[in-house]
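Have a look at the structure below, then the notes.
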Amino acid sequence: MPHQKILMLFGLLPVATNISTWWNFGSMLLTCSMIQVLTGFFLAVHYTANINLAFSSIVHIMRDVPCGWMVQNLHAIGASMFFICIYIHIARGLYYGSYLNKETWLSGTTLLIMLMATAFFGYVLPWGQMSFWAATVITNLLTAIPYLGGTMTTWLWGGFAINDPTLTRFFALHFILPFGIISLSSLHVLLLHEEGSSNPLGTNSDIDKIPFHPYHTMKDLLMLTTTLTLLLMTISFFPDIFNDPENFSKANPLVTPQHIKPEWYFLFAYGILRSIPNKLGGALALAMSIMILFTVPFIHTSKLRSMTFRPLMQLMFWTFTSTFVLITWAATKPVEPPFISISQVASIIYFTFFISNPILGWAENKIMKNT
């Protein structure tokens, strides 16, 4: 059969029989990246990277281009779906100990940073009020770097303030970075298949494996169909659910919004940044909130890979997950009590997860040794 020849590569790929739905998100991320590249190309055809025309070109895409509203919403809401999938993908990796495949985990964390950079540059492109001010606040953090900060900021802006050169280079970066993401994704998958994926038990599954096709292709397609249905329903019925009302106004450097905030998927890092009153301290905490993922494979001390049989780590993991949601919510609120205190406490708990990981692993080993 012709389709069997096409899928022979997948058929020859042995996968554990007991992997759950949480392992579907890798293929979903691949689909998301394909959607983003395709819709991004069609948007780039009509977009104008000029501060006087950028906002108007977005309006033109939405109103005049055939199906432009759908392409634009697919790209914008598709980015939110991308981040939902990647956060679940990372959470699964943390819970089931997938990070012990070090090369795969480190390449994946690098991918996350590249994806966040790409999304940030993309958020600036419509040149709406919130786009402009979010870009001003975030890029200004570079000035906190001793000695080099001012020069780096001027170089990034292409002048002494955010202006036309800034928008041009942000568009160039937003266009080129996805190709780097695709290349690194290929390496990520290649490194994963060197060792093979883990499973919910965290055990060696060599004795109990099945072909990827047709079993897991069907399983992936079901989840993919469900997610794409939700995406299209959101685009059709709630197209502005993730948009900030301020961004429907053209950027005005003379009027500051009452409350500056980036897109929802950056709010956990932005909340940690805001919770520290010192500029350099906040910038370091912002960087560490993502960079700390690089340390996870090296601080694992438990003899058990997965958290399935580690109740104390399960408690810490779900505390960490709820803290992530709490910081995201608090970052949407103005910088005033009680939101400042909530963000500060939540930020401490966020980093405590990574500190407690090796300590609890060591304690579990002691308990197992003594029983």
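Heads up, residue numbers simply count up from 1 along the chain you see.
Note: Cβ is positioned from N, Cα and C throughout, glycine not excepted.
Copied over from Swiss-Prot:
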| type | residues | note |
| --- | --- | --- |
| TRANSMEM | 25-45 | transmembrane segment |
| TRANSMEM | 69-90 | transmembrane segment |
| BINDING | His75, His174 | heme b b562 binding site |
| BINDING | His89, His188 | heme b b566 binding site |
| TRANSMEM | 105-125 | transmembrane segment |
| TRANSMEM | 170-190 | transmembrane segment |
| BINDING | His193 | ubiquinone binding site |
| TRANSMEM | 218-238 | transmembrane segment |
| TRANSMEM | 280-300 | transmembrane segment |
| TRANSMEM | 312-332 | transmembrane segment |
| TRANSMEM | 339-358 | transmembrane segment |
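Known features from Swiss-Prot, placed on the structure.
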| residue | record | DSSP class |
| --- | --- | --- |
| His75 | heme b b562 binding site | helix |
| His89 | heme b b566 binding site | helix |
| His174 | heme b b562 binding site | helix |
| His188 | heme b b566 binding site | helix |
| His193 | ubiquinone binding site | helix |
Which of these binding-site residues is closest to His89 (heme b b566 binding site) if you go by CA atoms: His75, His174, His193?
His193
By Cβ distance under 8 Å, which residues at least 6 away from the ends of the transmembrane segment (69-90) in the same chain are close to it?
22, 25-26, 28-29, 32-33, 35-36, 39-40, 42-43, 58, 61-63, 108, 112, 115, 119, 122, 227, 230-231, 234-235, 239, 241-243, 263-265, 293, 324
What's the CA to CA span in angstrom from His174 (heme b b562 binding site) over to His188 (heme b b566 binding site)?
21
Within 10 Å of each Cβ, count the other Cβ atoms, then let me know which of the binding-site residues His75, His89, His174, His188, His193 comes out lowest.
His193
Whole-number Å only: compute the distance from the Cα of His193 (ubiquinone binding site) to the Cα of His75 (heme b b562 binding site).
30
Round to a whole number and give the Cα-to-Cα distance in Å for the pair His75 (heme b b562 binding site) and His188 (heme b b566 binding site).
24
May I ask you to check whether the transmembrane segment (218-238) and the transmembrane segment (25-45) make contact, with contact taken as at least three Cβ pairs under 8 Å and only pairs 6 or more apart in sequence counted?
yes
Which stretch from 25-45, 280-300, 339-358 shares the most C-beta pairs under 8 Å with the transmembrane segment (170-190)?
25-45
